[in-house]
Each structure stands twice: as structure tokens, then as C-alpha cells.
Amino acid sequence: MRSFFVPTILVSGALAARPFLNEPDTGLEQVLGNTAEGSLPDLTDMVGLPDFDWAARNYLPLQNYTYYRNGAAGEWSYRNNMEVFNRYNFIPSVMNDVTEIEDSLSTTILGHNFTAPFYISPCGSGIYGHPNAELNFVKGAAAGGILYIVGNYPSLLSYRANIPRPSGYASLSIEEIHAAKAQGQVVFQQLYLTKNDTETQDLFDRSKEAGADALVFTVDAPIFGTRQRAARLDVSLASSSYRYITWDYYKKLQSMTDLPIIVKGIMSVKDAKLAVKHKVPAIVLSNHGGRQLDGAPSALEVALEIYKKAPEVFEETEVYADGGVRYGTDALKLLALGVKAIGLGRPFMYSNVFGQEGVERAIALMKKELAVDAANLGLSDLKEIDASYVQWTHNDWSG
Ligand SMILES: Cc1cc2nc3c(=O)[nH]c(=O)nc-3n(C[C@H](O)[C@H](O)[C@H](O)COP(=O)(O)O)c2cc1C
């Protein structure tokens, strides 16, 4: 008995400490492993969002891929963003009519209609993935009927000379990106702001003039994070001064535009409640994809804390969330807590290596997964999901 018991403990200990997997083994290496470095597989070979990460890594110059992939410091938050979803099991319900689930994905975001409750998170520098850069996101989002939040105004960042980008292609301006919109397409504009009111007013006015339907003020990056992976390859963003970001400043910003200003980068119950107090129309629970403060909680952990300690927040403002979402099931767990819309950053940046078609395929795959997973969870309508569909205590098999 004893000789059996001891190894069992050792084995379970070893399993608990299993290594992080950027893309879990689903057979992709066996099928695409021989793809020549620097070339792309067929788009139809992309069967899930993690596949785009693999394809971008295989295709892009190392510096370009690293710019997208990197996280802060030891990248613990980057990894936790993905792993956290597997710590909670679903509580499926069977014997329900789920045949109409695909018709129930649509939602509203700040009153605008979209075909699904997920969107393209704002990410700078689409140019490092494809010559058409952000245009692929605008057009892909239009084709898929989802929201695109345009990343920071590219020229605010100094492009690194050593990151290859196609010659002749410059970064796109706010005006150029919004000009690519389809008739009636709703697009939001994310901004990093400095305390310089003239500059801020100019960005607000230009965003409005270009047709942005809302602004997104990123508050989790008073200075760009310590990014060792990027520093190693010299692809860190130059960011030498600390930005002034306070609730008083937010109040002032509200007086400078009539566009709604969403606050992106909320990571605590306290700040979520303060956002409600300051009449923020929507917040994004986000740790910036683990690129800012290593050790910052994932959006799922923050959403769970809000659900337990201040559930009224989900009624008092619209709550969106991003970070580590790679599967339909990840999105379902956020929706279950009351999150209204879910952002995906890197998966779309990676899908962009295939151009607009890649972005469209990523949207289609995510929609299909959401519907299939919701059906297998036992939902007749995606909007029926609530916290009772998930066991909110850690399971013991995720390590
Ligand atoms: C390459 C890259 C660039 C980003 N640039 C911005 C940005 O300009 N503004 C911003 O608010 N967030 C930015 N983010 C954060 C994303 O909006 C989002 O919070 C994050 O990517 C979500 O995590 P995910 O990549 O795991 O989906 C960036 C993320 C990446 C990966």
C-alpha cells in the first residue's frame, strides 16, 4: 500500500506543476510542423484562435512577433490571463432546446448593434503584421459585424527602425483608418493622453470629425511596462515620461467632448466603483494583456471579485473585459459574470498576417465556438447565461 501511495503523490505533484503552454497540443504541429519558416500555412488550416499565434510566429520576423507577443517582466500575468479560465469548470445543463443558439449572439455595446459580444481590442502597430495594417481590422470588423476599437494614434509612438515593415508603408492616421469604414459602421477610438490640453482637445476633435462613436481612455499605462522580451530584441516602446491619469482629469476630459469616454484598464473592485461614481459609461476590465504590471489580476479574477463584492456595478455601467481570451469557452465564463462584451487583442493581431481574410476567419471561428460551446452548455439563448453555469471554486485538475 505504502509503495503505491508515495509515487501517486509524486505524480500528482508533477502534474500540478505542469508547464505553461502557449498553444496546447491539438495536433497543429503534426499537421503544419513542416511549414517553411517565413511562410504562411493555408488560412483554412487555422481551426482555432491559438493557431494564428503559431502562424504569426512562423511567418513574421522575430522582432515583429516579439512586439505583439511580449508581456511585462516574467510574463506571469500574460500566462495567468490564459490559464485562469481553466481553473473553473462549467456546470452544463442538458435536455434544452439549443437549436436556435446561433441567432442569439447579437448584442448592443453602448446602444450600438453588433452581431456578437466580442470585439477587436485596441492594439497599436498593425503595420508590423501586414502592409494594410489597421485597414484590415476596420474592414474585417465590418464584414463580421463586430466592434473595432482603433488602437492608439500610431504617430504618438516612435516606430522602431529595427522592426521590419514593408517599405513605402507608413503608419496610418486616425483619419485614414476611419475613412475605411463601411457605411454606418460603428468604430471606437482609443487614446493615450498627456496632460497637454491642446493636444488632447485636438485628438478628441479629430476622432469625432473622423466619425468615432466613442473614445476609450486607457488608464492602466501611466508609463509603458517593464517588458524584458521586447527589451532583449530592442523593440520596446520609447516612453520616458509618466502620464497624468486621475479621476479629476477624467472629469475634465468629459467636459472637452460630447463623445462617451470609456475607461480601459480597471483592475479592482474599488476602481470599478469609482468609475460608476464618476459616471463612466463603460469600463474595460483589463491588465493590458499582461503588458503593464506583472502580477496584475486577469479580467476574469476582477470580474469575479466585482460579482461577489459589488454586483451592482454590472447594472450601473457597461462592463467589458479583455486578456487571454482564446476560446469560446473563455468568453462564456466572462459573460456568465455579467460582462457585456469581450475584447481580443493578440489573436486579431496575429490573424492580420493573413490580411483582412485572416481577421474575418478569426471572427467567424470565434462566433462558431461561442455558439457551439453555449449549446453544449445547455443555453437556448446566449443572453440566458449567468453565474450559475460555472463552478466558481478552483477545480483540482488545472494545475
Ligand atoms: C501588440 C499590442 C499592442 C497594444 N496596444 C494597445 C494600445 O495601443 N492601447 C491600449 O489601450 N491597449 C493596447 N494593447 C492591449 C490590448 O488592448 C488588450 O488589452 C490586450 O491585448 C488583451 O489581451 P490579449 O492580447 O491576450 O487578448 C495592446 C496589446 C498588444 C498585444
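Using the three backbone atoms N, Cα and C, a Cβ is placed for every residue, glycine included.
Since this is a predicted model, take the numbers as computed values, not measurements.
TrEMBL lists PRO122, CYS123, GLY124, GLN190, THR218, LYS264, ASP322, GLY323, GLY324, VAL325, ARG326, GLY345, ARG346 as FMN-binding residues, and of the candidates SER104, SER236, SER241, SER286 the one it assigns to that same site is SER286. The recorded positions under consideration are ARG227, HIS288, ARG291. Their Cβ neighbour counts within 10 Å are lowest for ARG227.
Regional average pLDDT for the domain 'FMN hydroxy acid dehydrogenase' (41-395) in the model is 93. For THR218 (FMN binding site), the nearest neighbour among the listed recorded positions (TYR67, TYR192, ARG227, HIS288, ARG291), judged by C-alpha distance, is TYR192.
Restricting the binding-site residues TYR67, GLY124, TYR192, VAL325, GLY345 to those with a CA within 10 Å of the CA of HIS288 (active site, proton acceptor) leaves GLY345, listed by sequence position. Residue pair GLY323 (FMN binding site) / ARG291 (glyoxylate binding site) shows a Cα separation of 10 Å.
Among the binding-site residues PRO122, TYR192, THR218, the residues whose Cβ lies under 6 Å from any atom of ligand 1 are, in sequence order, PRO122, THR218.
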